[in-house]
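Enquirer: Let me give you the structure first, and then I'll get to my questions.
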Amino acid sequence: MGRRLNIVFLATIAIATILQSSSAQTAYVVGDASGWVVPPGGPMVYTTWAASKAFRVGDTLVFNFASGVHNVARVTRANFDACNSTNPLLLLSNGPANFTLNETGNHYFLCAFPGHCSAGQRLAINVSAAASSPAPQPSTPPPQPTTSPPASTPQPSGPVPAPQASSPSPISAPTPAPSRPPMTYIVGDNLGWTVPSDGASAYERWANGKTFMVGDILVFNYATGAHDVAEVTREAYQQCNTSNTLSNFTTGPTRITLGTLGEHFYICAITGHCNAGQKLAINVTDGSPTATPPSSSSPSPSPSPSTPTPPSSSSPSPSPSTATPPSSTTSPPPPAGDEGAPPPPPGNSATSLGVAGLSVTFLSFIIALFMC
């Protein structure tokens, strides 16, 4: 009986380990319900789908397609841009096809059937390192060091004077709360990056109300050759001057990570597009409570103690510089609409069935042992 209990205990630990390891991986069905097809909406369909996902090493891409009608070719960036499938890194011909993301960086996929890639059946993603589990916290706090007087110190023979109150130790200012995780914004949402029919106000309305922070990503969805993205100075933005750009991206879709604080200005450098309203201005903050300096016309009042303490000759009052500044209780408003990147969806039934199958195997083994 004791041996059976030991086997049951070990099998339970094994099942828990498998469940924990598999829960950290996510299976993404490419295109969701649409599957891997020639999208009726063009290349932006899969670009928009990928923009809201956070792909990590260990995740799986599931390409749902009919064998003989489509396939999946993994290619280089150059072949992806040119829709060239003559020398793929990998070719999957039987659908549905699963591809496990086993390395970080950019990955490019397309359908190698003639005309399918040019019609928009292609996917570009960026893979990050797998999230590490947090370090375990100690069960008991470490002992605080105590200071004891040296043993060789002579004791006074006379009466011991009353101990003097020590000065209060300064209290350090609280650390600002960590800012939110980086978000991905699709510029213009469904409009994409194009010449808007209602002029420059289209992108002004889109940016209004959003909080852009360092680390956020802007995704400019456009067809290569029809538009581009140029970052310019404020003066060049106002004049639609493209003669001296800070940076210029010509391959769509373009992903730009906001790495510096302050104002950022983007325009399309194709002749006439900026003047027609294809321009975007945003302001980037760091998200900390002290990011915005106080206005000079309305100085903030200094905090006053709620219960004044009378001065004492034996207890000096603490210096005003040690007072803890009040922390901000107002969080930045969450971005409205669907411009932010939603959290990645949970794994699909493929991962769950694999885990369930292993669990059933272990449980069947345990039941068989009890029946012996």
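Cβ from N, Cα, C; glycine included.
Copying in the features that TrEMBL gives for the protein in this structure:
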type     : residues : note
SIGNAL   : 1-24     : signal peptide
DOMAIN   : 26-129   : domain 'Phytocyanin'
REGION   : 129-183  : region 'Disordered'
COMPBIAS : 135-162  : compositional bias 'Pro residues'
COMPBIAS : 171-181  : compositional bias 'Pro residues'
DOMAIN   : 183-286  : domain 'Phytocyanin'
REGION   : 285-352  : region 'Disordered'
COMPBIAS : 288-299  : compositional bias 'Low complexity'
COMPBIAS : 300-319  : compositional bias 'Pro residues'
COMPBIAS : 320-330  : compositional bias 'Low complexity'
COMPBIAS : 331-347  : compositional bias 'Pro residues'
TRANSMEM : 353-371  : transmembrane segment
Enquirer: On the DSSP side of things, how many residues of the domain 'Phytocyanin' (183-286) fall into helix, strand and coil, could you say?
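Expert: Going by DSSP assignments, the domain 'Phytocyanin' (183-286) contains 16 helix, 35 strand, 53 coil.
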Enquirer: With DSSP, how much of the domain 'Phytocyanin' (26-129) is helix, how much strand and how much coil, in residues?
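Expert: Helix, strand and coil residues of the domain 'Phytocyanin' (26-129) number 17 helix, 35 strand, 52 coil.
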